[in-house]
Amino acid sequence: MGEKSSTVQDQEQQVRKVKRTLEGWRVALLSLKSVILWEQQWHPCAIVGSMTIMYLLIWLLDLNTLASIAIVGLILNFVDFMVPVICNQLYGSSSWTGQHEKTFEEICRSIVISYNKLVIYIHSFYSLRDTSPFMYYTISISTLCTVAWISSSINNIFLLYLLSTVVLLWPGIQRSGIFNSFFSVVNMAPKIPFLKSE
């Protein structure tokens, strides 16, 4: 019982830390949440369109790896500087309501929960090295070989485009229940019985 309460306290401390870190982004995060969760029908198109334009520009610039990393770093720093300034200019503290604060806290809590789940998955995978070394090396070697084969066969910019688009669309896919409806249609399909040998 004490371990569970300390875990809850640790999670609340993490939520407070994330809230302090994202304080300048709180207005922008409310808008981003509605886009990522597809609260409007055009939101998936906006995600795919913005990712397509961004990766098309990267492909057209045809920069080498270090220049691409430097450009992305510059853009991220610029956005990180400008978004809080613009949000504070457009929306003063008077427009921030209790409902907005509650939504902002939910966003921070979901970030913390997702981060903790990812850490648990990584630790459980690396614990396989001690508990089941054969399984650990089979999974890691086959995954790395598959990634190396796919990345040598397909353009890496296109792979990053697909990966980042799927990652951004995934919360909306989960919320809208697309997979559940797909699997229910698959389960309703007629089953073909195997022919019995007589």
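The backbone N, Cα and C atoms fix where each Cβ goes, and this holds for glycine too.
Worth saying up front: this structure is predicted, and the values here are computed from it rather than measured.
Residues or ranges marked as domain 'RETREG1-3/ARL6IP-like N-terminal reticulon-homology' by TrEMBL: 27-182. Sequence annotations record features per position, and here TrEMBL assigns transmembrane segment to 67-87, 134-151, 157-173.
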Spatial neighbours of the transmembrane segment (157-173) far in sequence, C-beta under 8 Å, 6+ residues away: 36-38, 43-44, 47-48, 51-52, 55, 58-59, 150-151, 179
Positions on the same chain near the transmembrane segment (67-87), where near means CB under 8 A and six or more residues out: 24-28, 58, 61
